[in-house]
Amino acid sequence: MTAEGDGSFKPGPPTERRGEAPDRNLAMELVRVTEAGAMAAGRWVGRGNKEGGDGAAVDTIRELVNTVSMRGVVVIGEGEKDHAPMLYNGEEVGNGDGPDCDFAVDPIDGTTLMSKGMPNAISVLAVADRGAMFDPSAVFYMNKITVGPDAAHVLDITAPIGENIRAVAKVKDLSVRDMTVCILDRPRHAQLIDDVRATGARIRLITDGDVAGAISACRPQSGTDMLAGIGGTPEGIIAAAAIRCMGGAIQAQLAPRDDVERRKALDAGYNLDRILTTEDLVSGENVFFCATGVTDGDLLKGVRYYAGGCTTQSIVMRSKSGTVRMIEAYHRLSKLNEYSAIDFTGDNNAAYPLP
């Protein structure tokens, strides 16, 4: 306000809202979102209905994320608005307060794993400053290679896989035969698998869930030294958020499926020969990553039910501090159902005893 000559005041010009950076409290708000998504999907484990489980997780995450203090825009979600009524790309999420953020979510990474009761299904999300995440819309797949912090400086996606394996083994003080490479089990990877086997390295084939595989490659004592191969671009960006927090490295190149997708990418200005680094995929200093296990896996334990409640295990990371937290939580479903808008019981007639 400014003073007039008669001592009265009049409003001054409006001031712009200062950009607000995501703070550390956001991490705990976000992990509640993936916990809820995992608990909702946990009721569908092994039931052979991946759409039902994914839908339950989507509904729950959307309900919870709109209580989080942020002004988020979905950069990676369930698809375009016409095909995804919730968590579609471009949707605004959060409660309207707090920092402006890019929001990436995969309610269930590994829907087939969940539906079959197989290991390594997780509920996962990432948050970064607005404009920090690479736009994945032009090309659905990318070729990627991932390693942990100790080998980040020797990674070269343009080199043969054998050279990468030998370089990583050298800096990790391993023999090539000690190395384990994680690869999605797909027909397109037949040559890659042959090339890795020719080096003498071991292979860990996974049917789905390459976000968890990429994180395992960055974690000591995980038993995985590298992830390689073609996988989803959205999953690559979400994995890059985790890798930013862990100090590892991912390199990627867009991999169009056909001439139509290639032309679409070129028309949109993408350089298909460009090597995308971790920072190209997710830039900025404020990157958050959260994941909660749905089924037991190498990265996280799945949702486990007991009389009166369930337990979840989550991993929460923040790039600014470099902190990685493992969170074990016990949820009293009998208490949650007293106030939550979400039905975590999966049975309207259930009467859980108190634990």
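Glycine residues also receive a Cβ, built from the backbone N, Cα and C atoms like all the rest.
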Task: Asp109, Gly110, Thr111, Arg186, Pro187, Arg188, Asp208, Gly209, Asp210, Gly232 bind substrate per Swiss-Prot; candidate in Tyr88, Tyr141 listed for that same site - done: Tyr141
Open item on the list: With Asp106, Asp109 listed by Swiss-Prot as Mn(2+) 2-binding, which of these, Glu235, Glu261, Glu279, is given for the same site?
Closed with: Glu235
TODO: Please determine which of the binding-site residues listed here (Gly209, Gly232) has the lowest count of neighbouring CB atoms within 10 Å.
DONE: Gly232
Task: Those binding-site residues of Glu78, Arg186, Arg188, Gly232 having Cα within 10 angstroms of Asp109 (Mn(2+) 2 binding site) - done: none
TODO: Check each residue in the chain of Thr111 (substrate binding site) that is at least six apart in sequence and keep those whose C-beta is under 8 Å from its C-beta; list them in sequence order.
DONE: Lys50, Glu51, Gly53, Asp54, Ala121, Asp208
Task: Whole-number Å value for how far Glu235 (Mn(2+) 2 binding site) lies from Arg188 (substrate binding site) (Cα to Cα) - done: 18
Task: Minimum Cα separation from Glu235 (Mn(2+) 2 binding site), reported as the residue among binding-site residues Glu78, Arg186, Gly209 that achieves it - done: Gly209
TODO: Sequence order is fine: just name those binding-site residues in Asp106, Arg186, Gly209, Gly232 with a Cα within 10 angstroms of Glu78 (Mn(2+) 1 binding site).
DONE: Asp106
